[in-house]
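Note sheet for the following structure.
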Amino acid sequence: MILVIAEKPNVARKIAMALAEVKPIKKTLFGVPYYELIRDGKRLIVASAVGHLYGLAPKNDFFGYPIFDVEWVPVYIAEKGKEYAKDYIKLLSVLSKRVREFIVACDYDTEGEVIGYTALKYACGVDPGVAKRMKFSALTKRDLIKAWYNLEPTINFGMANAGIARHILDWYWGVNLSRALTHAIKRASGKWVVLSTGRVQGPTLKFLVDREREIQSFVPQPYWVIKLIFEKNGKKYTANYEKDKIWDENEAKRIVLEVKKAPARVTNIEVKQQNRNPPVPFDLGTLQREAYSAFGFSPKKTLDIAQSLYEKGFCLHPDTLILTSQGVRKIKELSREGEVFALDFNLKLSKAKYRLLERDADEQMYKVTLLDGTELYLTADHPVLVYREGNLAFVPADKLRETDHVVLVLNKSARDNYGFLDLLLEITDSQEDYAILENGETLSLHSLKMLVERGEIKDIAVVGFSHNNFGKVMLRDELWYLIGYLAGKGGEIKGNGVVISSRTKEIVGLTKSLNIDLIETEEGIVLSNKSFVRLLHLIHYTPRVPEVYGIINNTEWLKAFLAGYYDATLLEGLTLEALYKIKVYLQLLGIRAKIEDNKLKVHLEDLQRFRELLGKFSRRKLYVETSQVPVFTDFDERSYDFPRILGGDIYIIGIKSIEKFHYKGKVYDLVVENYHNFIANGIAVHNCSYPRTESQKLPKNLNYKFIIQNLARIPEYRPYAHLLLGMPELKPVEGKKEDPAHPAIYPTGEIPRPGDLTKDEALLYDMIVRRFLAVFMEPAVRETVKVTISAGKHKFFISGGRTVKEGWLRVYGKYVKFDEVTLPTFFIGERIKVLQVKREKKKTKPPARYSPAAVIKKMEDLGLGTKATRAQILETLYQRGYIEGKKSIKVTPLGMKVIETLEKYVPEIISVELTREFEKKMELIMEGKLTKEEVIEEAKIRLTKILEEFKKKELEIGLELAKIVVGEEKPPLIVGKCPKCGGDLIVKYNEKTGKRFVGCSNWPKCNVTYPILQRGEIIPTNKTCCNGAPVVIIREKDGREWEICLDMNCKEYNTIKKKR
């Protein structure tokens, strides 16, 4: 048995669903889920961590410093609030005793490797070197299966060691320096006050302090500005003096006098025009920043709204048949991720990855019936690809007209590069399954797969298949005829054979050539061959259902399978689902058909093609009913879409009827990468787009025109859409950032109905739509005018700016701020009517404080922290009381004093260079050029020297910090007088456990202590009880009060007398 360890519970579920040959069995232990499944004859258990299960803690904690002797302990011991991890550790510990092999399937990065390493070593109690590694970059079924068949022999010890080193260094720095500061205050004041700093926290606080010092040390300087106020065309205007600031008041006075005496004239006019290019498409970060600027949305709120827009409606009935790379499947039966067929920009069939969406519906749906009998059930807002008014466009169901024509798939080019070897390697690599080679040799598919993946075998002919060397089945195209025939006849798998009701001439002779025995029994005719039965299981053979894995990828196989199914059924008496599947398969062979009177009728024009393609394999005279399928052909040859329609893998059918009905139940949709459409019941429909992206590039194959045509139906976007549709070419402006998994954020073209979107969703949708339209538009042209007015030797300037060509600003200008200042017409030599020469006194201003966003940006620029840690570091600074203010960050006196102390005694710890130096060493560990032991030892040496110097000055440091810290502390709560020495009995807290107790203020000279309840407010009563012990009231949150004596032996204490 094998234990697969994932990083998080949801990832464990996805891995289990992907690897299971049948649905995995979900179990729970200690309230934690795990999964059992079979893969290639092997039993697997897929379980998970929940992030880091282990953290660092000192082996022998004396609460002193320096301390370097650390060990990995359960994270709930190392950190408060992580108790939930205990059950995950217990689960892995129990499961590890039931298995012999281990596979790490955590995220493939340093943290993922540390999580896997520590889970193996401490929870499972095994050497991490014995585990194999699943390496994947996406959680699609295809990627996970590929990772399963390409296991790394071990975990990546370079990444694991680098991650372990980083954890240890961060612990060394954070814990030792925090303890040093805390001990310094204790030595100086006798108070335990916890202060903290660290490798990244220190440098971050340092640059905030630097800004605060700039502000505090800033001395405002007076200066004067001079303005020339004049009148032109009945309006007042202001021109500014050529010097921004005049530092001498007397000079300012002199200038004013000289200007007043001299006539003012226009001496120069400078006009410039600049192109302002359109903005690039939205990545998530840019969308978040602009939404904050325009609407005040937080980044989290923007992401939530974008996710909501992404998942809004656009859904299909659960029985909708989807054309996948494995065959035609009901959408409700699809795995969460996989591969479907889609139409590319040129309307050619292509394959693309999908992700399944599911939601509950209680709403109106639409039944769209085409003239060829095809039916499709959609929610009101799910778009269908239609030909309308000479153009192709995606139109939601509730906007469809009966005059519209719908696009269906029709494969016009065979794709036969998929062979038996490809099929066998996809469905199994079991040690018990064998391929029979052309020379008669047998080779296990497991070994064969490894040889192919290593490139040692590139071209090999496979002629047969064997399971456990119990017989063999020959692999020829005719095999698919037999499988199709058995499916049509309802052949049931029983034991090592397939049973049909009676012998038929169609398969006599064929079974013999395929090495399958025919045996007559009381039940009927048995096709006996263990290897054949094994193959049927692997390709998901089901009686009476025209569907097996693999046939869709090879047209010869598809022809043979359909011929066999036809010979067995004559296409009569079939279920509607079977008819639909056969209709889609015929479309993939380039044959159009019609469903009428519960029968499948081939298009009269395609009858000859039907007979030619299936006649190659059929053993009967092919007779099939025909009908004139009303294919639309009246295309506008001037249309932009005409060449693509003519050469595409499609045909177009009119709509017969559109009916509404109410539906309550599950509905589904797909998110399809790159092509953003898929084939449902043979019809091209749209999908959703994905908001979590770092890309500033639109999909290469995206049909921009489709989307813009749909957006033109919204009145407020119509003028801009029509402008773009009139352009000879739609070419977007794009940015440099690219996300290999997801394109930039853009509107899909589905049109929201009134009431579909909330107010906030509507705001964000408007911004996304306008940004999308803007990237296709022409640059804006801005004109600036600078007029020089001279009065004697003195010059004044007045400037204006205006947009002379709107370009993209026409659609996106509401989210861009440009000052529009239009000046009157001036002429060189024109005399200016001066109303006033004004002198104003001003003062210089200090630099602005950082905002939270500016802090994150500064950390990025300095290389401090990571995307995952920067926000938390800033939050820690708030929690420690080092900074305050949510919009404008101010460093508190405590924060200032901590940095002042670190600068004076341990300047290295707040050095950006030190942080960068050790980050470089982490990279060298990963590359195998340094060992983690070398880096950790160097860190110990560096830190030891720092702390040795710190200890020499510990008292001075403590005295400096105590002035701030102790002054801010609340006075201790006095509950009475000590019966032994007369000192104050005060509430204290254990430095290790944090638990409270009552003790004498004269400790350590007096050791009187009392225990006390850990919950509730303590209220002194000024009363005493046994042996002079004080009596106090404990008030709970619900208002109840308890009067108790603090003496443990007091009867009153033992009964806890309730006070009302």
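Including glycine, each Cβ sits where the backbone N, Cα and C put it.
Bear in mind that the values here come from a model prediction, so they are computed numbers and not experimental data.
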For which of the residue intervals 427-455, 717-745, 862-890, 978-1006 does Swiss-Prot record zinc finger?
978-1006
Would you mind telling me which of 37-62, 141-166, 167-192, 1025-1050 Swiss-Prot tags as zinc finger?
1025-1050
Have a look at 196-201, 694-699, 748-753 and point to the one annotated region 'Interaction with DNA' in Swiss-Prot.
196-201
Could you check which of the recorded positions E7, H52, D107 is the closest Cα neighbour of R880 (site 'Interaction with DNA')?
H52
Express the predicted model's confidence over the domain 'Topo IA-type catalytic' (156-947) as a mean pLDDT, rounded to an integer.
85
Just the number: how many Å between the Cα atoms of H52 (site 'Interaction with DNA') and D107 (Mg(2+) binding site)?
12
With an 8 Å cut-off on Cβ-Cβ distance and a minimum sequence separation of at least 6, pull the same-chain contacts of D107 (Mg(2+) binding site), or say none.
E7, I115
Composition by DSSP (helix, strand, coil) of residues within the domain 'DOD-type homing endonuclease' (482-591)
52 helix, 15 strand, 43 coil
Tell me the residue counts in helix, strand and coil for the zinc finger (978-1006), as DSSP assigns them.
0 helix, 11 strand, 18 coil
Sequence-ordered list of residues in the chain of R166 (site 'Interaction with DNA') that lie 6 or more positions away and have a Cβ within less than 8 Å of its Cβ, or none, is T110, M922
Is it possible to list how many residues within the zinc finger (1025-1050) are helical, extended or coil according to DSSP?
3 helix, 11 strand, 12 coil
Secondary structure split (DSSP) over the domain 'Toprim' (1-141) reads 45 helix, 42 strand, 54 coil
